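A.B. asks: One structure follows; several queries about it will come next.
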Amino acid sequence: MTNYAIILAAGKGTRMKSDLPKVLHKVAGISMLEHVFRSVNAINPEKTVTVIGHKAELVEQVLAGQTEFVRQTEQLGTGHAVMMAEPVLENLTGQTLVIAGDTPLITGESLKNLIDFHINHKNVATILTAEADNPFGYGRIVRNQHGEVLKIVEQKDASDFEQQIKEINTGTYVFDNARLFEALKNINTNNAQGEYYITDVIGIFRENGEKVGAYTLKDFDESLGVNDRVALATAESVMRRRINQKHMVNGVSFVNPDATYIDVDVEIAPEVQVEANVTLKGQTKIGAETILTNGTYIVDSVIGERTVITNSMIEESSVADGVTVGPYAHIRPGSSLAKDVHVGNFVEVKGSSIGENTKAGHLTYIGNSEVGANVNFGAGTITVNYDGQKKYKTIIGANVFVGSNSTIIAPVELGDNSLVGAGSTITKDVPADAIALGRGRQINKEDYAKRLPHHPQNK
């Protein structure tokens, strides 16, 4: 049978106290809406309709081209939100999943199981439920002695007996598509909130003697709906625990998983060692046998095999096999480090390519530069790439030796096998195989220091 899906993403999320629509708040690197959308895709829906409202344009940008959108200009309840999908889905045959866009922990496996349960039991409606240790505040699932679902009762309306029920409504449902939109025509706003509730559809089906079932989640965490920053932090914690467990099962070692922060789309090869307080974000990929030490922060970068990154930051860059970075190095966007490069402590590389086996051991800035293989940068080397208005490029050939405390003022080119003397300021091209000396001549004035206040004889 054919599956369809409706994702409810129109709400403002007042309790988030944010200008950002609630469903766009991120969990492990992507928005809650994207998490839900990915899980929904596990049921292979022929059509997915996302209901948007508050700051609809922002929400639409996140899933542009991946779903159909309908607008809920007034937020009049969950039932009203589902009504907005009627022009797209009402005449179709199959079953429709209805899910909130603020449930980032739901898994595709659970949604597939829910759909299968719905079909196998020939239900008109199936409620996704969970067993809560503390069900206070949730709608309870009331069953008869045969285990059949009778109704959903909200906390404020529950009797003392019903309040003891631990099975709760998660707010996710599967409906026979045609019957869903027929029943929606019969719900009203005769309730304390003055809204159209999707749960009223369940009551209509029961009154008609139609079969309503409930499928219970194995993991209560999946039921979490995020309404405030506290729940958002809970979702973040659960998601990161899942992510880290997945990587450990796949052969990655963590010194302290609870203090390691890895986004959902990060890829890590086996035999990688990850120490505490490491953060890996975005589309980062880490090659096999790499070591990431305490304090390393990597964003949208590709790291090769057998690299060692020590307490350093790498952003939007590529690092080849066998490279060592840090401690306290900063590889800024647009940089590439070739095989066996060494970038040491307090070195910054920005928008530059560095050739194989090149070494910048300490206290160096390499910006907007193209650096060949086997180059050595002495401590304190600075490529001066900005004149206050425009940035310029430095080109350094292979096998170049740059002495300590040298300043290379772009645009300039250092030819292959050249040498720059320590303390030089280079403003002109240096030919291949040449030595460049660009510093003032040293002058010694004999006994002159005796005239100065610091000298012992003057104290």
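Placement of Cβ uses the backbone N, Cα and C atoms for every residue, glycine included.
Just lifted these from Swiss-Prot, have a look:
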REGION    1-229  region 'Pyrophosphorylase'
BINDING   8-11, K22, Q72, 77-78, G139, E154, N169, N227, R332, K350, Y365, N376  UDP-N-acetyl-alpha-D-glucosamine binding site
BINDING   D102, N227  Mg(2+) binding site
REGION    230-250  region 'Linker'
REGION    251-459  region 'N-acetyltransferase'
ACT_SITE  H362  active site, proton acceptor
BINDING   A379, N385, Y386, S404, A422, R439  acetyl-CoA binding site
A.B. asks: For a quick check of understanding: given the listed acetyl-CoA-binding residues A379, N385, Y386, S404, A422, R439, what is the maximum Cα-Cα distance in angstrom, as an integer?
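C.D. replies: With A379, N385, Y386, S404, A422, R439 as the binding residues for acetyl-CoA, the largest Cα distance is 22 Å.
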A.B. asks: Within 10 Å of its Cβ, which one of these binding-site residues (L8, A379, A422) has the largest number of other Cβ atoms?
C.D. replies: L8
A.B. asks: For D102 (Mg(2+) binding site), find which of the recorded positions K22, N169, H362, Y365, N385, R439 come within 10 Å, Cα to Cα.
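C.D. replies: If one measures from the Cα of D102 (Mg(2+) binding site), the recorded positions that come within 10 Å are K22.
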A.B. asks: Fewest other C-beta atoms within 10 angstroms of its own C-beta: which of the recorded positions H362, R439 fits that?
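C.D. replies: So among H362, R439, the recorded positions given, the one with the fewest Cβ atoms within 10 Å is R439.
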A.B. asks: Is K22 (UDP-N-acetyl-alpha-D-glucosamine binding site) helix, strand or coil when read with DSSP?
C.D. replies: helix
A.B. asks: Looking at the binding-site residues listed here (L8, G139, N169), whose Cα lies nearest to that of H362 (active site, proton acceptor)?
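C.D. replies: Comparing Cα positions, the closest of these binding-site residues turns out to be L8.
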A.B. asks: Pull the DSSP breakdown for the region 'Linker' (230-250) and write it out as helix, strand, coil residue counts.
C.D. replies: 20 helix, 0 strand, 1 coil
A.B. asks: Around the C-beta of K22 (UDP-N-acetyl-alpha-D-glucosamine binding site), how many further C-beta atoms are within 10 angstroms, looking at every protein chain?
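C.D. replies: There are 26 such Cβ atoms around K22 (UDP-N-acetyl-alpha-D-glucosamine binding site).
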A.B. asks: Rank the binding-site residues N169, N227, N385, S404 by the number of other Cβ atoms within 10 Å of each Cβ, and give the residue at the low end.
C.D. replies: N227
A.B. asks: Consider the binding-site residues G77, G139, R332 and say which one has the Cα lying nearest the Cα of R439 (acetyl-CoA binding site).
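C.D. replies: The smallest Cα gap between R439 (acetyl-CoA binding site) and any of the binding-site residues is with R332.
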A.B. asks: Need one number: mean pLDDT over the region 'N-acetyltransferase' (251-459).
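C.D. replies: Across the residues of the region 'N-acetyltransferase' (251-459) the model's pLDDT averages 97 on the 0 to 100 scale.
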A.B. asks: Around N227 (Mg(2+) binding site), which of the listed binding-site residues (A10, K22, G139, N169, N385) come within 10 Å, judging by Cα atoms?
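C.D. replies: Within 10 Å Cα-Cα: K22.
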A.B. asks: Quick one, of the binding-site residues Y365, Y386, which Cβ has the fewest other Cβ within 10 Å?
C.D. replies: Y386
A.B. asks: Count the Cβ atoms, other than its own, that fall within 10 Å of the Cβ of D102 (Mg(2+) binding site), considering every protein chain shown.
C.D. replies: 26
A.B. asks: Using C-alpha atoms only, work out the spacing between A10 (UDP-N-acetyl-alpha-D-glucosamine binding site) and Y386 (acetyl-CoA binding site) and round it to an integer in Å.
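C.D. replies: Answer for this pair: 47 Å between alpha carbons.
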A.B. asks: Of the binding-site residues listed here (K22, G77, G139, N169, Y365), which is spatially closest to A422 (acetyl-CoA binding site) when Cα positions are compared?
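C.D. replies: When the Cα distances are compared, Y365 comes out closest.
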